[in-house]
């Protein structure tokens, strides 16, 4: 009786603090199962069903369960974490770190008095460390599902109706998962190129580039975006001769122009080569060497570029096919994205979409924010994601990170602005560790001094950028940042100095 009374008090407390339906309350705090229920049957009706267990999907599922909603997550891969954890963000960062350690040992240790002879690469061991990191994190998410009582169904889901998902499980069975609210969080897939067949051996996507068994002598990367530059950087550090072919006139077109130019020069110093304003018109794999026929983007004389491995990194497409969206009338645009309103609702009542399948940046952390906000709306709360303040990071060395608007965007909008810059050469921590390449650039409205864009190129830029994201979120001025005491000596002091340069003058330059 005491346990039942405890459950009733918990249920009453939740009802008073959140605007969830009485049915959701009944499912989440059924007195017969609140304290004992583990994984529920996939055929029981859920308050929320999430299709996709990537960063958006698994975070949405956990948040829904934390809000007291009975939740099931369907994932076809059989391993949670989506592209990001299994074949994207996490394994690529593992290899970026490993390759950076090798490059440092080979080229820079001696300068610091660390003498290492005969530095060699063990690609198998490097891949093993990467795989262990992925496996550990995947199991960790499964543990979070169990902790939060999220039902996990392994299989491919397809809509039968707006409230029913047919699942072909990975063990060969089938089941139907029912839910009052369905969230599509199926992420994205590699975008192919016409006439280029990815075999994940000689012509690879980012997935194949994360699993090469040896360092290719020559690698061609098609596409100079974040993924292509990161993976090209990995293999360049390990000794591959890397050439990047890009259709556009610049690398990473979304990056601030001044930072982009310095970034390209930095990569060129690392012996990466670039062929910009160039397109691939044919690929010949008939011999041991892959031969790519290139042509200027605007047309012109052709040339041939040879490679042992070609990485296709021309972007990603939303994964919305084979979900049975046509069965229930969910609308998609011409490239397969699902239009949603401000509450992540599709045109079909009770069906929502988040992450890479909707318009916006295809970033894991953006998908997570979508997932939390979407579930908060479903639970009767208020969710919020400000897409103007989503940071982006390229995890090369140096890293490049940004949040807010570029100088080009500010000019287009006709905003009067001020710019403050500070080179890492003036930062004592960067100089003391002999890693002083890059700068911090801050853009603020001229009249109000409100910060509207921050761009950082240096080691650990991906960590420094969050001070800027917080500043933008709360409408800080550059003077607010400059008058915030920063610990010495730290790389973060470069942000403070750039802020000082924006509204007044920096000290150490």
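Heads up, the Cβ atoms here are built off N, Cα and C, so glycines get one too.
What TrEMBL records for this protein:
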DOMAIN    47-371  domain 'FAD/NAD(P)-binding'
DISULFID  84-89  disulfide bond
BINDING   93, 157, 186, 187, 188, 356, 362, 363, 364, 365  FAD binding site
BINDING   223, 224, 225, 226, 227, 228, 229, 230, 246, 315  NAD(+) binding site
DOMAIN    390-499  domain 'Pyridine nucleotide-disulphide oxidoreductase dimerisation'
ACT_SITE  488  active site, proton acceptor
Confidence summary (mean pLDDT) of the domain 'FAD/NAD(P)-binding' (47-371): 97
Fewest Cβ neighbours within 10 Å, where candidates are the recorded positions 93, 488: 488
Cβ neighbour count (within 10 Å, all chains shown) around residue 186 (FAD binding site): 31
Sequence-distant neighbours of residue 364 (FAD binding site) in its chain (C-beta under 8 A, six or more apart): 54, 55, 56, 82, 84, 88, 89
Residue 246 (NAD(+) binding site) to residue 362 (FAD binding site) - Cα separation in whole Å: 20
Nearest-integer angstrom distance between the alpha carbons (Cα) of residue 188 (FAD binding site) and residue 225 (NAD(+) binding site): 16
From recorded positions 93, 186, 362, 488, the one whose Cα lies nearest residue 223 (NAD(+) binding site): 362
Helix, strand and coil totals (DSSP H, G, I; E, B; other) for the domain 'Pyridine nucleotide-disulphide oxidoreductase dimerisation' (390-499): 40 helix, 33 strand, 37 coil
Residue among the binding-site residues 227, 229, 362 whose Cβ has the most other Cβ atoms within 10 Å: 229
Pairwise C-alpha maximum, in angstrom, for the residues (93, 157, 186, 187, 188, 356, 362, 363, 364, 365) that bind FAD according to the record: 30
Protein Cβ atoms within 10 Å of residue 84 (disulfide bond), excluding its own: 22
Separation of alpha carbons, the residue listed as 'active site, proton acceptor' and residue 229 (NAD(+) binding site) (Å): 32
Same-chain residues at least 6 apart in sequence whose Cβ lies under 8 Å from residue 225 (NAD(+) binding site): 251, 252, 313, 315
Between residue 93 (FAD binding site) and residue 488 (active site, proton acceptor): CA-CA distance (Å): 28
